[in-house]
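Colleague: Copied straight from TrEMBL:
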DOMAIN    25-127  domain 'Expansin-like EG45'
SIGNAL    1-22  signal peptide
């Protein structure tokens with residue numbers, strides 16, 4: 001019985017550790033989803049994102065899933081964040097120097113967590 005309690009405590013602790021490993025970054029949004037660097041003209045839905053050079057990993061980011069939530073705004077737009085989080089699939093690359101964010105979310109994904117009028121928000125994300 002004690003062993004079960006230890007295993008449960010360890011599982012709970014691991015869950016808390018992984019939840020606390022969110023990374024802070026920024027998000028913007030885009031509206032033209034195809035063609036994408038990962039899937040060409042194949043439709044991947046609307047909960048998608050383009051990875052910045054820092055996440056792109058030579059194309060190995062394709063298909064990775066990230067949980068994203070809005071933390072705060074980056075400008076004076078009131079109420080930049082919505083509650084909750086969204087899970088997105090990396091389908092494209094957002095290359096420098098034009099890419100000004102960590103994740104360039106689809107408009108639908110951005111709208112799920114942030115005010116479109118904000119245009120750019122601070123996010124927490126984890127894979």
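Yeah, the Cβs are placed from backbone N, Cα and C, and that goes for glycine too.
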Colleague: Per DSSP, how many helix, strand and coil residues does the domain 'Expansin-like EG45' (25-127) have?
Modeller: 17 helix, 43 strand, 43 coil
Colleague: Averaged across the domain 'Expansin-like EG45' (25-127), what pLDDT does the model get? Just tell me the whole number, please.
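Modeller: Its mean pLDDT is 96.
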